[in-house]
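Okay, structure first, notes after.
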Amino acid sequence: MKDKMQNQNFMHTLNSEQKKAALHTEGPLLLLAGAGTGKTKVLTSRIANIIQQNLALPHNILAVTFTNKAAKEMSERVHNLINCYGVNIGTFHSMAAKILRDQIENLNLGLNNKFTIISHDDQLTLVKDIVKLKKDIDTKKYTPKLIHIIISRWKDQGLLPSKLSASDTNLPLQRVAKLIYEEYQKNLLISNVLDFGDLLLYNNELFIKNPEILKYYQEKYRYILIDEYQDTNIAQYLWARMLASLYRNICCVGDDDQSIYGWRGAEVGNILRFEKDFAGATIIKLEQNYRSTLPILAAASNVINNNKNRHSKTLWTDSASGEKIKIISCLSDKEEARYIACEIDKLVREERYHAGNIAILVRAGFQTRSFEEAFINSAMPYKIIGGLRFYERMEIRDVLAYIRISLNQNDNLALERIINVPKRAIGAASLNKIRSYALERNISNFVAIKEILETGIFKAKSYESLKDLLTKIDNWYEKFITDTPINVVKTILDDSGYLSMLQEEKTEEAFGRIENINEMLRAIAEFNDIHDFIEHSSLVMENEVLETNYGGSVTIMTLHAAKGLEFDVVFLPGWEEGVFPSQRSLDEDGEKGLEEERRIAYVGITRAKKDLYITHAESRKIFYEIVHSCPSRFINEIPDEITIRTSSMKKYNSFYKF
């Protein structure tokens with residue numbers, strides 16, 4: 001009786017369409033959830049309802065998100081609703097990694113379940129190393145970075161080297177990338193490591209080649225829920241389809257109008273063809289917005305309605321009031337920045353808004369410089385989101401490499417990162433000898449060093465350093481078996497000389513690096529198993545998002561980074577043809593590119609809760625050139641009756657004296 005009342009209580013908080021989605025329990029469901037319509041609330045209510053109706057046990061439900069933060073929030077909400085843990089909630093990568101840990105040997109690739117997941121930077125390093133060995137490749141024309149991007153896109157599409165078709169390798173660059181891709185995969189397998197693309201790629205291979213394993217997971221995950229479906233790539237889409245093909249109890253939640261990650265592999269077609277993929281699917285639209293005012297929603301709807309390839313939906317709100325959209329014309333980008341800085345200063349001084357609830361969302365990174373100057377001049381606290389994230393910092397990656405090589409001695413990338421840090425008299429020549437020896441014999445660098453040490457070809461100093469390092473790595477491996485992760489990592493820091501190296505440097509930078517390592521140790525202390533920490537750090541590096549603790553500073557960030565966030569006041573600068581929509585997107589992708597740009601505009605508009613400013617400049621300095629431009633076509637798509645259009649100089653004359 002208590003459970004039933006609790007069920008009724010949380011259902012009572014849902015609107016009619018939300019309730020319809022939460023009560024839907026059989027067959028495929030596409031939940032089209034517009035910005036600010038409470039999709040997480042619906043997802044968690046649906047999970048709670050399935051459990052309370054005894055349709056599935058918690059561990060038979062799989063909920064997939066794109067970030068660790070979203071997964072954690074979803075898990076906490078389910079627990080708060082029905083006091084239940086045990087639902088499988090995680091990111092695509094974490095769920096795929098979990099399956100591979102249990103099943104990797106069934107792929108017969110020589111991998112074992114102790115594999116490690118390498119970071120984006122380590123992936124690029126490996127590509128660079130392979131390209132260096134290919135003397136006939138023009139690295140100026142075919143850069144390692146570009147080759148790596150192509151390899152990553154192929155993985156997003158679920159394509160191993162053997163599955164690339166003639167159309168995939170039409171261009172000379174693609175043919176070069178295919179050669180590197182083949183070597184890249186071989187190197188990963190030898191090192192017993194995977195990159196992020198491999199997690200879904202090999203999951204799909206596992207399911208295709210082993211129908212009985214697929215059947216096991218289909219039985220295990222009888223109810224599947226996928227958040228942000230519009231952001232899925234082809235590999236993720238295939239994975240979800242295979243898992244759901246038996247019971248067809250799949251609920252995909254998304255908004256095609258917010259699909260803005262095409263440049264990194266997201267395929268908006270996945271959500272647009274849901275009804276074809278799952279015949280007889282139920283479609284429910286969430287259109288009641290709980291975030292923004294009526295004028296903001298009207299602006300967003302009028303802009304996005306110009307896209308042809310979309311599911312029709314219109315956001316609405318019970319709130320009839322709200323400030324009109326301010327559209328401001330400025331003479332230059334400098335004046336635009338000065339106007340925005342002055343307007344924010346006015347809003348804060350008059351105590352209408354707190355600085356931490358104000359954001360400037362730009363289309364491209366080059367736009368931020370003028371705002372930095374304007375805020376420095378006005379003494380307005382601000383932060384630009386986009387610096388190095390914690391797990392990407394040099395010292396953190398060094399310590400992670402030490403841990404990885406201690407756990408997996410075949411991890412070539414980890415070994416090469418730390419082999420001469422601190423200095424051990426092991427230069428490029430010695431490293432090349434090791435690499436060549438290993439490649440010729442199809443063995444890892446660690447094994448190669450052991451064999452080479454027997455030959456005596458290294459100089460005495462290098463010989464002693466390498467012998468000492470290998471002995472320590474063996475000792476650390478043994479210590480991880482018997483001691484706690486935190487104690488072993490402290491030992492590694494001391495034994496390796498890494499901590500001493502930083503302490504002896506005695507600079508502010510070195511002090512900051514030591515502080516970061518101490519913070520890392522605090523994170524490690526929360527884990528009983530070092531493998532769990534390594535996996536956690538790898539997945540965080542891939543999925544880390546901005547924490548919503550803005551303090552007292554104005555936030556400056558890109559529109560892409562702002563997705564999923566909200567602010568009381570939003571400024572959208574640079575709404576000019578060529579800047580937004582981006583000329584590059586128009587040139588490269590035509591109408592498809594324009595529609596993605598319009599979706600980015602829609603995302604920007606719907607970040608605002610109460611007040612929205614859109615600015616454009618008649619001239620802008622772009623890469624040392626003054627460019628004259630016209631207002632963005634997106635501005636013309638916003639109805640006049642919900643806007644106040646003026647120039648920055650008029651505003652200056654009204655509010656400020658210069």
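Backbone N, Cα and C define each Cβ position, glycine as well.
As given in Swiss-Prot:
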DOMAIN    12-293  domain 'UvrD-like helicase ATP-binding'
BINDING   G36, T37, G38, K39, T40, K41, R291  ATP binding site
DOMAIN    294-564  domain 'UvrD-like helicase C-terminal'
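Feature map: Swiss-Prot annotations on the structure.
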residue : record           : contacts (Cβ under 8 Å, 6+ apart)
G36     : ATP binding site : N289, Y290, R291, S292, L315, E566, T606
T37     : ATP binding site : L286, E287, Q288, N289, Y290, L315
G38     : ATP binding site : N15, Q18, L286, Y290
K39     : ATP binding site : L31, A33, D227, V253, L286
T40     : ATP binding site : A70, E73, M74, R77, D227
K41     : ATP binding site : T13, L14, Q18, R77
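Across the annotated binding residues for ATP (G36, T37, G38, K39, T40, K41, R291), the two most widely spaced Cα atoms sit 14 Å apart.
The Cβ of R291 (ATP binding site) has 19 neighbouring Cβ atoms from other residues within 10 Å, across all protein chains displayed. Same-chain residues with CB within 8 A of the center of the G36, T37, G38, K39, T40, K41, R291 CB atoms, the ATP site residues themselves not counted, are A33, V42, L286, Y290.
A coil conformation is recorded for G36 (ATP binding site) in the three-state DSSP classification, outside any helix or strand. Averaged across the domain 'UvrD-like helicase C-terminal' (294-564), pLDDT for the predicted model comes to 87.
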